[in-house]
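K.L.:
Here it is, the structure in full.
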Amino acid sequence: MEILNGPSGWIEVICGGMYSGKSEELIRRVRRAQIAKQKVQVFKHSLDIRYDKDYVASHTGLKIEAIPVSSSADIERLVEDDTQVVAIEEGQFFDMGIVKVCQRLADKGKRVIVAGLDQDFRGEPFGPMPYLMAVAEYVDKLHAICMKCGNVASRTQRIIDGKPAYYDDPIILVGAFETYEARCRNCHIVLRRDENEK
């Protein structure tokens, strides 16, 4: 990745399906900035309580301290003037205001790193993530391995009682291995109630 010189900030987006390593990559970038003695603030959406409410945690056990917030306005209010790097976990859970907040922070010369799911369990664009990807200087799409066939997985399969979820189920359901699997395009299934009732 080429780093821009000067006071200009920028936005980096780390996206992909579940189990693709997004949180690990966010943690890696934050730790590199900390080693370089840059002031970093890490935020995560308060909906994410899977492992620890005060940490960004990967499925593999890596973790880093974070400030839980419930809106993009909270991030903008809490970012300190001398912060150089702002890291945001679970970008898909935030309101659409997160796009403008990230742009304003980058305009102030800050490096903004956002990690999140680019698609919901239906395989459709998730919340503000596609808009963040559009305005970011750098976008990295990570992939997992399909838990059915071993191919490259770009989607997240929601499993309820051992079966794929229905299209009209709620978009947000926080969970991990007990609720979601990494799937490729061919193995990803979303049931529709009318099809199932025939």
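Note: Cβ is positioned from N, Cα and C throughout, glycine not excepted.
Keep in mind the model is a prediction, meaning the values are calculated, not measured.
Summarising the annotation, Swiss-Prot assigns ATP binding site to G16, G17, M18, Y19, S20, G21, K22, S23, E89, E90, G91, Q92. Residues or ranges marked as active site, proton acceptor in Swiss-Prot: E90. Taken from Swiss-Prot, the feature Zn(2+) binding site covers C146, C149, C184, C187, and the record attributes it to sequence analysis.
Give me the structural setting of these features: burial, nearby parts and distances.
P.N.:
Annotation note: S20 (ATP binding site) sits in a coil segment as assigned by DSSP.
Using a 10 Å radius centred on the Cβ of E90 (active site, proton acceptor) and all shown protein chains, the other Cβ atoms total 24.
Within 10 Å of the C-beta atom of C184 (Zn(2+) binding site) sit 21 other C-beta atoms, taking all shown protein chains into account.
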K.L.:
Whole-number answer please: how many Å between the C-alpha atoms of C146 (Zn(2+) binding site) and S20 (ATP binding site)?
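P.N.:
With distance taken Cα to Cα, S20 (ATP binding site) is 10 Å from C146 (Zn(2+) binding site).
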K.L.:
Once the chains shown are all counted, how many other Cβ atoms turn up within 10 Å of the Cβ of C149 (Zn(2+) binding site)?
P.N.:
11
K.L.:
For K22 (ATP binding site), which of the recorded positions E90, C149, C184, C187 has the nearest Cα in space?
P.N.:
E90
K.L.:
Long-range same-chain neighbours of G91 (ATP binding site), Cβ under 8 Å, sequence gap at least 6?
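P.N.:
In sequence order, the residues whose Cβ lies under 8 Å from that of G91 (ATP binding site) (at least 6 apart) are V13, I98, V114, A115, G116, G127, P128, M129, L132.
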K.L.:
Reported as an integer number of Å, what is the Cα distance between S20 (ATP binding site) and C184 (Zn(2+) binding site)?
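P.N.:
S20 (ATP binding site) and C184 (Zn(2+) binding site) have their Cα atoms 12 Å apart.
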K.L.:
By a simple count, how many Cβ atoms lie within 10 Å of the Cβ of C146 (Zn(2+) binding site), its own Cβ left out?
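P.N.:
Cβ-Cβ neighbours of C146 (Zn(2+) binding site) within 10 Å number 22.
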